[in-house]
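Here is the structure we will look at.
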């Protein structure tokens, strides 16, 4: 007898149980790692138990002013943490490879905290960074790792999977906010998690994918979206559901990098988002690798290296040209 496809029981596939009170029991998780000499945790909102894990490169040239990368981890909005081993290790490597200070954000998870909770936490992290930058100007204080060693005018916002979705949605929320002296030079959406009621071609073709089977992604959306809405909600399907206000705001996004892989069921959604942003006048760079699967950079060192190289080149191009002329960020 053949083994059932990975999508036959999405709860079992995701190793979760939905409890009667609406909370989740998460049966298996990545181990959580404590901060190291090159990282530390800063409380963000103690009521919400959110924090920022800051990573710095091992070898920082003297008198250098490093760029800042705000990072949002993946996990379908319901799993994992900024302290989860794969994301901690990835941020450690990125800080070294990119010579960048990385702020990895611990945001609230669904279904205990449905969207837009994660977006609100993301905005709070961006505003925290702004307040840190303004501290010395206003006679206040600034975190010691940020005070003298960063260039607040070279900030990037990056996320993977659900974190990529957060990047898009936090950009909508802060595009009209005065963040000075912080300047967001670019957005980086890596394998961003978007959806819709009607399956895309890649979702249909890869419906039994071993990483993102279609029934599992449907379950993720049912657990994270606001009660009573479907997958065409604007949080998951901005192409179908964005109104005039969202379209106007996305037209003021800074330069944006969208990265994806041909073996990811979500890849068509990512392509569609890229085209949507281009249609609003955003400078969009895309890298879609024929090979690879969802989250492959967490398991394949060569894919991780290629991703870091792509991100590094994008950051350098943003720094040399400056932010998009249509961006207020």
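From the backbone N, Cα and C atoms, a Cβ is placed for every residue, glycine too.
The annotation active site is assigned in Swiss-Prot to 161, 264, 294.
Annotated features, which come from Swiss-Prot, shown on the structure.
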{"residue": "161", "record": "active site", "Cβ within 10 Å": "27"}
{"residue": "264", "record": "active site", "Cβ within 10 Å": "25"}
{"residue": "294", "record": "active site", "Cβ within 10 Å": "24"}
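Note: the CA-CA distance between residue 264 (active site) and residue 294 (active site) rounds to 5 Å.
Annotated pair residue 294 (active site) and residue 161 (active site), C-alpha to C-alpha distance, rounded: 8 Å. In the three-state DSSP scheme, residue 264 (active site) falls into the coil class.
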